[in-house]
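Enquirer: According to TrEMBL, the feature transmembrane segment maps to 140-160, 172-191, 197-217, 229-246, 295-316, 381-400, 412-433, 439-458. Residues or ranges marked as domain 'DUF1736' in TrEMBL: 320-392. If you look up TrEMBL, you'll see 508-541, 542-575, 610-643, 712-745 marked as repeat 'TPR'.
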Amino acid sequence: MSCFPIHDFNFFNQHNAGAPHSKQAFHRMAQSEFNLDHEISWFVLPSYWAKIIVGLISCMCFANSYDGDFVFDDSEAIINNKDLRAETPLGDLWHHDFWGGKLSSNTSHKSYRPLTVLTFRINYLFAGGFHPVGFHVINIILHCAISVLMVDVFSILLGGLQYSSKGRRLNLAPKASLLAASLFAVHPVHTECVAGIVGRADLLCALFFLLSFLGYCKALRENKEGNHFSILWVLASVLLGAIALLCKEQGITVLGLNAVFDALVINKLNIVELIQKVLRKDKSLENVGLFKKGLLFRITLLLSGGATMLCLRWRIMGTGPPAFTEVDNPASFADSLFVRAINYNYYYSLNAWLLLCPWWLCFDWSMGCIPLIKSVSDWRIIALAALWFCLIALICQALCSQDSHKRRILTLGLGFLIIPFLPASNLFFRVGFVVAERVIYLPSIGYCMLLTYGFSLLSKQTKKKKMLAATVLGILLINVLRCVIRSNQWRSEEQLFRSALSVCPLNAKVHYNVGKNLADKGNQTAAIKYYREAVRLNPKYVHAMNNLGNILKERNELQEAEGLLSLAVQIQPDFAAAWMNLGIVQNSLRRFEEAEQSYWTAIKHRKKYPDCYYNLGRLYADLNRHIDALNAWRNATVLKPEHSLAWNNMIILLDNTGNLAQAEAVGREALELIPNDHSLMFSLANVLGKSQKYKESEALFLKAIKANPNAASYHGNLAVLYHRWGNLDLAKKHYEVSLKLDPAAPGTKENYSLLKRKLEQLQKKGDA
């Protein structure tokens, strides 16, 4: 495959339908001194072919994630988010955070993304439930659309904004824009946004971010006098920026980038020259360009729009910023300003490294994954020194270069790299993470732009242009392969969590998640190993202690379980789940008063806790405090009407105490709410049988057996019903099925023996 440069504008114009061949046929805005494409050995394609190719390769990178599961944060943002369900009023989306909690709550993360949640809700509606395929497909389509848009965005950023006489925007950098868009489309760091469904927030934000930028460019199409701009398009750009903000917080930064683009590209503002004139109080200041072409008016519109968005956003939040914990972002809790500053800068260098070398990727970088730098003797200082050396060098070139083309590209590249990253920088407020690959989706635009410009400089210096082009093509292919591998890891939690063990072996949350995944699959022995490692790495990791205590409780290792759960509630006194589990252990140890106190402490910290009321009811039942037990289970069913175990225990307790009428009423109430629960059918059938309502009892037993045909007790109790009813042949049949399913079924052998003796007696009477 050969690469060939463009040698003149006439050749380029062949690929821009409607563009005249004459140099006088178009008027310009921000014409560069030379065309970037002259220095790049790359493919020249018509715009529509370039977009098709970029769209296809972006789809190819992440297509294998289409049938992945809900993983990691998807559980909280989607499966457990009530805002997705039809019974939740649409208006609630505007008062809830991304996770479905109330924004006014002190525990809310304040992540206000109602439009993203709305798309999840639409996915849920069309899929008819929580089926991940539709969610994943939309994410892949969004990334493809964004990558296609990047061809237009990069053509403006790298080639300048220029229109034909007929008002059609020209692409003066077709090769450079194709290369930059390809680099963006296949960057492996984007995997989290595309393959992880919660990454939809970043994708939607990026989509409207780019549309806002392109809309602003549309506003700046000048007329022959060179002083026209469209207020409507400026306002449309601000509106699109507001929509981006409602998808994710980074969206508001597009207004700053639009302002930078307007000043530097449209008005050719030289920042160094402007500063010099301000310092000298030069009277020719108005000639710098600040007051030309309506720049101040447009900047005022952008500032007003941004200020309005921030005010509304702050008002909707209801309270102050979110409260994060030290494990989420340890540097922000450091007492020393020096330690905070040095670690923040180290985090920036890690983000830069992920852009440069996206090989070591991890779903979570918190919980000790990146130990704090506490001294200048730490060798990692080199990383942030290298970062600032490169940044300062680029900034100096961007500000001081005599080449306006270089100034424009470097300034815009740095702008797209830095400005969208600012909300995640810890400079304005504390964020809830150390490093997050998803937040560099937008900043990667600046990186791809700078990389493409660097490639053009190398191409200019070397004679081996084809070898250089082959190297870039190789980088693209390696990135595609890395994307395919990484998106495959995001298809299931097991693969995702295990992939992180080699990247962040010091991350307690990684070990915790691997352990939780193993426990969910029933492999408790392996889960214990990972939970213990999580606690070793982070001795204050209360969630790991709680889960480990639960497993040890189930294995009857009650003393160690109690120790872990007691430590967990000591570290975090409001940890309701740990208090409840501690109560269960104390109940098993027959320390009933302590267990009761633990249950009530859990309820104190979590008022609506149906599972805790259920366990409290079991404690009261063990103590023969039947009224208290019934009240506790009733509270559980009020808080959670589908709490089958609480309903069942109420029916059984009332049955055992001879309150058959009340037991029947409770059973019917439960089946109204949970009509397909076979255990409730079984319990109510027992009550009806004792009340001699044989026909109705039989119908419920048969329905329960149809739902769960391998339950020996269902067949055994139906046999008892037939036995009482006098249907001895049917009784014999179901006794035999019950014994086949469970030969040691209690009472069934004795009942079957009694039935056989009765049948033998009847047979003898018949023979006589």
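Including glycine, each Cβ sits where the backbone N, Cα and C put it.
Automatic, uncurated: that is what TrEMBL annotation is.
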Enquirer: How about long-range neighbours of the transmembrane segment (439-458): same chain, 6 or more residues beyond its ends, C-beta under 8 Å?
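Expert: For the transmembrane segment (439-458), the list is 36, 39-40, 150, 153-154, 157-158, 176, 179-181, 183-184, 187, 189-190, 193, 199, 202-203, 205-206, 209, 250, 253, 351, 354-356, 394, 409-410, 412-418, 420-421, 423-424, 468, 472.
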Enquirer: Sort out the residues at least 6 away from either end of the transmembrane segment (381-400), same chain, that have Cβ-Cβ distances under 8 Å to it, and list them.
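Expert: Non-local partners: 271-272, 342, 345-346, 348-350, 352-353, 373, 406-407, 410-411, 413-414, 450.
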Enquirer: What else in the chain is close to the transmembrane segment (140-160), if you only count residues 6 or more beyond its ends and a Cβ gap under 8 Å?
Expert: 28-32, 35-37, 47, 50-51, 54-55, 58-59, 62-63, 65-66, 169-174, 176-178, 180-181, 184-185, 190, 193-194, 200, 203-204, 206-207, 210-211, 213-214, 217, 265, 408-409, 412-413, 416, 445, 448-449, 452-453
Enquirer: The repeat 'TPR' (508-541): which same-chain residues, six or more beyond its ends, come within Cβ distance under 8 Å?
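Expert: Same-chain contacts beyond the ends: 72, 327, 362, 364, 366-369, 493-494, 497-498, 500-501, 547-548, 551-552, 554-555, 564, 571.
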Enquirer: The repeat 'TPR' (542-575): mean pLDDT?
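Expert: That region's mean pLDDT is 94.
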Enquirer: Please count the residues of the repeat 'TPR' (610-643) that DSSP assigns to helix (H, G, I), strand (E, B) and coil.
Expert: 27 helix, 0 strand, 7 coil
Enquirer: State the non-local partners of the transmembrane segment (295-316) in its own chain: residues 6+ outside its ends, Cβ under 8 Å from one of its Cβ atoms.
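Expert: Residues 94-95, 103, 112, 219, 229, 231, 234-235, 238, 241-242, 245, 252, 255-256, 258-259, 262-263, 266-267, 269, 289.
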Enquirer: Per DSSP, what is the residue count of the repeat 'TPR' (508-541) in each of helix, strand and coil?
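Expert: Across the repeat 'TPR' (508-541), the residues distribute as 27 helix, 0 strand, 7 coil.
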Enquirer: Taking DSSP states H, G and I as helix and E and B as strand, how many residues of the domain 'DUF1736' (320-392) are helix, strand and coil?
Expert: 36 helix, 0 strand, 37 coil
Enquirer: Count up the helix, strand and coil residues in the repeat 'TPR' (712-745) according to DSSP, in that order.
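Expert: Going through the repeat 'TPR' (712-745) residue by residue, I get 28 helix, 0 strand, 6 coil.
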